[in-house]
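Features of the protein shown, as given by TrEMBL:
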type     : residues : note
TRANSMEM : 6-28     : transmembrane segment
DOMAIN   : 19-370   : domain 'G-protein coupled receptors family 1 profile'
TRANSMEM : 40-64    : transmembrane segment
TRANSMEM : 70-97    : transmembrane segment
TRANSMEM : 118-140  : transmembrane segment
TRANSMEM : 169-191  : transmembrane segment
TRANSMEM : 315-342  : transmembrane segment
TRANSMEM : 354-373  : transmembrane segment
Amino acid sequence: MILPAIWWLSFVCFLTLVGNLLVILAVYRETSLHSPTYYYIVSLAVADLCVGVIVIPLAIFFELASPSPYHLLCLLWHITDVGASTASILALCVIALDRYIAITSPIRYPRSFIARHSSIVIAVIWFCSGIIAGPTIIILGGRTNLLESNKNFLNETKNDRCEFPSDPMFIIVSSLVSFYIPLVIMVFVYGRILIFARRQMTALRQGYKRTTSGEAYQSSPIVARFCFRIVKKNRDIPPIKTIENVNAISNTPETITLRIHRGKYCRSPSLPPIVPTHHRLSHRSFPILILNRLRKIHNTRNWSRFSREHKATKVLGFVMGVFIACWLPFFVFLVLTGVFHIHFKNFEQQLFRLFTWLGYTNSALNFLVYSLTSREFRLAFMKLLCPRRYVQHLLKKNARTNQPQRV
């Protein structure tokens, strides 16, 4: 069983290195991805890159060299493992808060702290990850190793395997801070985002939205600003009142109905249909050709084209779901065996390794999630991997082959 596991970990390590390097390069080179949300994605990619550079190679080493006397490498492995997983889930938690503010308060979002000071937030994420991983592993992990060494001395046996610390206090602290508390925050925030997005889509389909005067200005992502114009002959009364100061004048907020103009997102039925001209493909630029081809794939998903913020929220929702699916079995198993002392006699070590490797696999899956769900990342990856002339040649060739069939 060790040899197939080594091959699988090597394959996961290769995908982790290549995929996360492409994500970092894509955000660095594409100016359209220079936003706080994608900077937090880069922080997540750096955490996954640490898994691919340090954690997985050391896991392969300790699988091959067991028992091993390299205690410093074992300590480095555990610290990096806990630190990278903590940085990943804290980055996802910050991304969830970032998406919540961007969706519910798009007008105030550019002025929010999480959008204006993304570098400070990222530095706090990594500082907290280092504080959680380093002292916890050194103090509680050392106490666990001391207890195990005394037990081995009494039994006159020696065990030099690099095993994960099994102290109950360490498991409780690391599980709560590194997984369960951020998990509850993420699920709650994304639940609120889904409820708010569903309301906005209902308003888009109906063509109007009923809301209070203050809420329309503060939290509506559809309307940027409204003005009520009042024409009176009395000069003492100002002729214009905005929604922003309606509640300041009146104690009771007014219920208003907002009409939604959707001309930016859909074409009017009264206009003639657009007939594609294939002979002009050679005069179009490379990004326009790629965007037109990718737009045909997602032409049935109208809600994803509602705004850029909603599309980014959808992609990061998939990332959060994959992270939970990969790491939840490990932390549940860790709490059951380390805190409640529920042991699986014949399969405990095998299950622990399986769930640990499943968590490592998450570091390689984010690149695939970005490629399958984000049009912006697909375009950026295509620019990095494929030559420009080659892609243009393929698009022209496909257009020529499809043209006789449409006639």
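Yeah, the Cβs are placed from backbone N, Cα and C, and that goes for glycine too.
Contact between the transmembrane segment (169-191) and the transmembrane segment (6-28) does not hold: fewer than three of their C-beta pairs are under 8 Å, each pair 6 or more apart in sequence.
Between the transmembrane segment (315-342) and the stretches 6-28, 40-64, 70-97, 118-140, 354-373, Cβ pairs under 8 Å are most numerous for 354-373. Contact between the transmembrane segment (118-140) and the transmembrane segment (40-64) is supported: at least 3 Cβ pairs lie under 8 Å, counting only residues 6 or more apart in sequence. Residues 34, 38-39, 41-42, 45-46, 48-49, 51-53, 56-57, 59-60, 63-64, 357, 360-361, 363-364, 366-368, 370, 377, 380-381, 384-385 of the same chain sit 6 or more residues outside the transmembrane segment (6-28) yet have a Cβ under 8 Å from a Cβ within it.
Through the fold, the transmembrane segment (354-373) approaches residues 5, 8-9, 12, 15-16, 18-20, 22-23, 44-45, 47-49, 51-52, 55-56, 59, 84-85, 88, 164, 314-315, 318-319, 322-323, 326-327, 329-330, 333, 381 of its own chain, all at least 6 residues removed from its boundaries and within a Cβ separation under 8 Å.
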